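Enquirer: Provided herewith is a single structure, encoded as structure tokens, for subsequent inquiry.
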């Protein structure tokens, strides 16, 4: 099942690469026509040519959280056993998937669901959010009221372990994992029946935490609970549950959230440059970020000099825009906290579609809550420039084929892939082929990618390459300091084919990188 | 208040009038307030495009415009459709500050929204100077009269007590919505229209500064009179 020749390296390497600063400029000249897997970060296909748009280093809290976790793991002698179990679980995972396949289609939230029913119990993944007083705040399935005693038990577990000056991380049972994340004043609990690593579940819980913070700011959250410990936060979040619901669905489906990266609308570099420079020209004093989205894809992003956007914040914006239909009816103006930028305050975002029926949505993030009309004017100026330079037409043309077929690459055994440039934090991926047309199949493939991802980003024993044969597909993951690559092949392909496909694919991506990535991001 | 008459004024007559001589266009800031899910956005959408669509909850605030032509003047309604969710309450004053007309919306099939509308009224009363804002109490979801929890009588009594205008509407069926907008237009024009100088003139798409807009507060102009 597994490739014995997998390389491992030392524990710290897992975030060495991601904490590197913006890629070194002298490496730019080394962009090879036929990139080899041994590329240095900053020269891989898709790496930005001037600077990056996204913050590179993970924030301090993330780094320390992981370091703490590692320390804990190192101290834990049972750690080895866990790892062995995980590997075993990987092999067994397919069966479990089959079992749960039936539930995937009934993923739609049923708030009224009976929490004592078997149907409720058998959901693949549960997420609960509670206050430190044990008050329910959010549940993915069922109602919070019905779960108040269950959540009480969860809180009791957390405080019981805390009383011993310790922290509860997870509970592992047969075929089920419960992961705890305490981010004061909230406690998040994730329960998964597919055997993913704790890290994947933690990542998801962190997203949910940031989603809540983006609505309220951490300052306000702390303030509320300092004044009234048993405050019912659902009052404040009422009507916003759909955002968390849709974020959870994204976590299951969107490779961007898995890879901590963003994908771009394929667009000729000329057209993209015009769009970017039009955004750049439509600036205003209070404007910090101008973001143009087409559905789930980024078209252009212009930022204030020295201000960087974190990919998590951008994903929260994606989630907000894509799951709310209200921006279609007029110009939206909303306070939004970008928690990775600053958990203390609100930005004010002007959100509007370029045309009522268009996929193109412009988000102008401002620091001034009184600046609505200025932002509205920025949008008007942007549209004017865009139309004058006929780039709007090119953009509309590009929207007609927002994706590409894997056949273009010219590797017959290749079915699908995810390629992420580490330095630009952008990824590209073809559309799903025929065999993965159904929702269930796509989600199944995502679970496979998630497993690969957790192996190559394992906090203590990350792999450089990982090949896996299955009955329905063969998979290869390849990670260097420059990129992450996940490939899915037909089950009849061989390992040798897979390995040679990497070079060929990299060459293709290099050829297409102008179109697939934003290579020269602009600032105001 | 004959509705057919209003409609005629609004559409046909005025169209000819505008051709004959340039009609002044005045800006009217309108804000919609009320609990989550009472149909503020649906009303705004009816006002703006005369359509109905069920939407997800409003995030923050949505801004729409709608022109209403009266016989002697055109009013450009700048509609601020606020989110009813408590999350956004802290920013709502931003939107109702300096509003010429405020619509307090409740859902006739949910009593708590009626109570909430009264709280909004209190909130508004702290801010406005009597006579400078046209406040309209609106019982929406008239189509759900079978599940009615708030009688029309109750709404009317509250409106009379607090000196508000009152209408029951249905954004779903569109019942009374166009009529409502026209009535508001007339009231606003009477209270603070061209003669009174309470509204600023709208000049095309030129950049408008929000701060500037706020300077033209109704009470400033009251003093001039």
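Using the three backbone atoms N, Cα and C, a Cβ is placed for every residue, glycine included.
A TrEMBL annotation is a machine prediction, not a hand-curated record.
According to TrEMBL, the record shows the following:
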type: DOMAIN; residues: A:125-247; note: domain 'FUZ/MON1/HPS1 first Longin'
type: DOMAIN; residues: A:285-383; note: domain 'FUZ/MON1/HPS1 second Longin'
type: DOMAIN; residues: A:413-513; note: domain 'FUZ/MON1/HPS1 third Longin'
Enquirer: Work out, from DSSP, the number of helix, strand and coil residues along the domain 'FUZ/MON1/HPS1 second Longin' (A:285-383).
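Expert: Breakdown, helix to coil: 28 helix, 36 strand, 35 coil.
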Enquirer: Across the domain 'FUZ/MON1/HPS1 third Longin' (A:413-513), what are the DSSP residue counts per state (helix, strand, coil)?
Expert: 40 helix, 30 strand, 31 coil
Enquirer: In the domain 'FUZ/MON1/HPS1 first Longin' (A:125-247), how many residues does DSSP assign to helix, to strand and to coil?
Expert: 59 helix, 30 strand, 34 coil
